[in-house]
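TrEMBL has this to say about the protein:
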type	residues	note
TRANSMEM	12-32	transmembrane segment
TRANSMEM	44-68	transmembrane segment
TRANSMEM	88-117	transmembrane segment
TRANSMEM	145-163	transmembrane segment
TRANSMEM	170-190	transmembrane segment
TRANSMEM	214-237	transmembrane segment
TRANSMEM	249-273	transmembrane segment
TRANSMEM	310-334	transmembrane segment
TRANSMEM	355-379	transmembrane segment
TRANSMEM	385-402	transmembrane segment
TRANSMEM	422-444	transmembrane segment
Amino acid sequence: MSAPRGQFSSNIGFLMAAAGSAVGLGNIWGFPTKAAGSGGAAFVMVYLILAFLLAYPALMAELTIGRYARSNMVHALRTIAKGPVSRFLGGLTGFGGIVVASLILSFYAIVAGWMVAHLAEPFASLFGASDAAQWLTGDSTARNLTFTAIFSGMTMVIIAAGVEKGIERWSTLLMPSLLILMLLLILYVLSQPGAMKGLEVYLMPDLSLIDPELMLSAMGQAFFSLSLGVGTMLIYGSYLSQQESLPRLGALVTLIDVGIAFTAGLLILPAMYVAQEAGTQIFSASGELIAGPGLILQVLPALFNEMGSAGLFVSMAFFALMVIASLTSSISMLEVPVAFAIESLKVPRKAATSLMGLVIFAISTVIILNFDALFGLVISISTEYGQPLLGVALCIFAGWIWRRDQLLMELKEGHENIESTLFWKIWPWYVRIVCPLLILAAFAQSVF
Ligand code: PHE
């Protein structure tokens, strides 16, 4: 007998872990900066619609497959497949998920490492170590390697501790802290001069800005933000008890994810305009808002600097928020290859964690050493191509390949009277037809 599989001890534990996976740099950084860079409130609207119409149904496919098969993505897709061909394709898709999850983690750990370094900076300044402070916020290879290693190490320690004592415990501790920090920061920023202009840009839609490109970018954002396609939600679903209702928990995870992305916008956009009021350049030479890394790593730190000693604490709170958000997501990425190694290769958890953690750190190292060539490329391959294509494959597995009666039985578990819900009437055919078509249509547009 192999060791019993890990399981979340309660539905709150699952909720914290799954919401922790979903809420990450994608929400606090990606979403507000994309909104700032492409049409403000128009982007926000399209994103909200796509999150519920597309990402939520796809999330349900992963959770249902995972809980039914009670295993990692490779084994799960092979389990629900019917013949040798679909079993082979299932294994291949599952393996694709593991590779893409690992690639995402390899760049995510670099960015999260920057956040840890920026979190350390105010401490160095407080102790008068100005050389160290400069090194921490500079952009050297040594700094990047050091902090990627530190962040990867933190991720590995949590994953080595297992589902309940690692993932669940840390997510349950970190998620409420994240919310408190974020609300405090919002209250502070909104009380500063210039903040209202940012709110206006964020909340007043200019509908003329909605075009196919914006829709595609919003779809990619929704997929990334809900951690879809790569088997993270599948494996978390596999640790969930049969007593819980999947449609309800999935809806809650989606609501929390969207809610926190939206709330993060109330922090980031006003903060940009506060920075402008304080004399920081927030538009590039070509007149566009500075989005992306420049925003988080230059505009906001410049603002914190302006604020004197209060700025030191605000800066700590802000980067602590970023590190927490990153960590609850990075553990969910590492769990994907680790669960595969434990279940399919029969490696003990600690060894599996070290092995996979080190392989992924090696990939991060290669990216850092060839930053200009690889960083953007890996992000694009994994999130723009990998995640949507795997998402389509998962919907097809749930909708077409898996035996219908088994899928429906699994949905019923833990949800009394599900037959009378709208979800029951719509989702089973929606995931079959509408989801794959919508994803493919948006995808085709980007390729041609
Ligand atoms: N959802 C996470 C974020 O928004 C990223 C993520 C992607 C996590 C894929 C797990 C798997 O930052």
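Any Cβ shown, glycine's included, is placed from N, Cα and C.
Keep in mind that TrEMBL annotations are predicted by a computer and have not been checked by a curator.
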- Paired segments the transmembrane segment (170-190) and the transmembrane segment (249-273) in contact, 3+ CB pairs under 8 A: yes
- Query: Is it the case that the transmembrane segment (145-163) and the transmembrane segment (310-334) have 3 or more CB pairs under 8 Å, with pairs at least 6 apart in sequence?
  - Reply: yes
- Task: Using a Cβ distance cut-off of under 8 Å, indicate which of 310-334, 355-379, 385-402 has the most pairs with the transmembrane segment (214-237).
- Result: 385-402
- Query: Taking pairs 6 or more apart in sequence, does the count of Cβ pairs under 8 Å between the transmembrane segment (249-273) and the transmembrane segment (355-379) hit 3 or more?
  - Reply: no
- Tertiary contacts of the transmembrane segment (88-117) (same chain, 6+ residues out, Cβ under 8 Å): 24-25, 29, 72-81, 136-137, 143-144, 146-152, 155, 229-232, 234, 293, 297, 319, 322-323, 326-327, 329-330, 333-334, 336-337, 340, 356, 359-361, 363-364, 367-368, 375, 378-379, 381-383, 386-387, 390, 393-394, 397, 401
- Residue numbers, six or more beyond the limits of the transmembrane segment (310-334), whose CB comes under 8 Å of its CB atoms: 17, 20-29, 101-102, 104-105, 108-109, 111-112, 115-116, 118-119, 121-123, 125-126, 151, 154-156, 158-159, 166-167, 170-171, 174-175, 177-178, 181-182, 184-185, 188, 227, 230, 232, 236, 296, 300-301, 303-304, 353, 356-357, 360
